[in-house]
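Worksheet: the structure to be examined is printed underneath.
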2 protein chains.
Amino acid sequence: MNTERLLNTVAGLTRLTQDRAPGDDSILDQARDLMRDLVARDDWLPDAFARPHPEFYRQYLLYGDPLDRFSLVSFVWGPGQKTPIHDHTVWGVIAMLRGAELEQHYRRGSGGLAPAGPETRLNPGEVACVSPKIGDIHRVSNAYADRVSISIHLYGGNIGRIRRSVYDPQSGAAKEFVSGYSNGVAANLWAPFSQD
Amino acid sequence: MNTERLLNTVAGLTRLTQDRAPGDDSILDQARDLMRDLVARDDWLPDAFARPHPEFYRQYLLYGDPLDRFSLVSFVWGPGQKTPIHDHTVWGVIAMLRGAELEQHYRRGSGGLAPAGPETRLNPGEVACVSPKIGDIHRVSNAYADRVSISIHLYGGNIGRIRRSVYDPQSGAAKEFVSGYSNGVAANLWAPFSQD
Ligand SMILES: [Fe+3]
Ligand SMILES: [Fe+3]
Ligand SMILES: [Mg+2]
């Protein structure tokens, strides 16, 4: 297992965000490049943060900046699992590590929600972005009905603590939520990832 | 369990160190104050980072700055356990959380090592400092032969990766070592500390 890859990404993101105002999306291109490097090889994710749940997709915090400038999360999709339609309120980068993901963007209109553009597929090594500027409402699902998929998400804030919204697909009505995280421990970036 | 206390300390340390050169010890007083606040109450340390080992004292990384500006470690002493005589090469703050610790400083002389000052005792809520300037060589031991003690250590660097020395008590001869950490996962500062 490559234990330096995650550390190098977190160090790079710390440098990138530390003198920026929260939410500053001018660094999105550089953040995307760091995330593309992270998922260029699937040799670094500790098993503890790769485990699916039979019923719900998992959001494992890998690393969170103490000043809430960014957070890095492992999304683990069990077979056929998907998110509700939701927003983020901050910029985000989705980087595909294992399996594949389908993403559908939405736009709010007078009649509720309407799909924005076609459904897209993300394969291992590929990255996609969201942000209030470029489109912040989407639904993400495992492209597979019979296997686990994993994508690594980076956000320009502490995504587990942000008050944001899920949307009713029919009416488009927004409902507030705070996602939290599925895990009580995070990766020790400087140690072999054994679960003691 | 107070899950905000550790988070607030880490956020404060991040602010304190982020525009400082590595090893800058001008912040030692402020760091000591943050650590005194951290151990003012024993209501926050997750059990996963409080477990003794029958044979060896444990060094659990709680949080490490990705750019190696500081690290925060839970030292768990089983009954009667003690460190070898060792140095750090960076400033450090020892903050007593539970039980008690005995500390003996040493000075290198022509004839080897000599005790520097009397042995001191650290009780819960008390803090002590080390640094290349004020004295960097010491031995720390559990004050109790029949119970666990826990102190929280802050260092002005990534202590688990620093090349430093242990010393032979008779000859004073130095031997290089890198301590590492006992744990493969660290605390998720934003989640209840369940071990999933
Ligand atoms: Fe999303
Ligand atoms: Fe020490
Ligand atoms: Mg700065």
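Any Cβ shown, glycine's included, is placed from N, Cα and C.
Automatic, uncurated: that is what TrEMBL annotation is.
Remember, it's a predicted structure, so these values are computed and weren't measured experimentally.
Record features (TrEMBL):
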type	residues	note
BINDING	B:HIS86, B:HIS88, B:HIS138	Fe cation binding site
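Look at B:HIS138 (Fe cation binding site): DSSP puts it in a strand.
Classification of B:HIS86 (Fe cation binding site) by DSSP places it within a strand. Note on B:HIS138 (Fe cation binding site): other Cβ atoms within 10 Å of its Cβ, all shown chains, come to 21. Listed in sequence order, the residues B:THR83, B:ILE85, B:ASP87, B:GLY92, B:VAL130, B:ASP136, B:ILE137, B:ARG139, B:VAL140, B:ARG164 complete the 8 Å Cβ shell around the Fe cation site centroid, once B:HIS86, B:HIS88, B:HIS138 themselves are left out.
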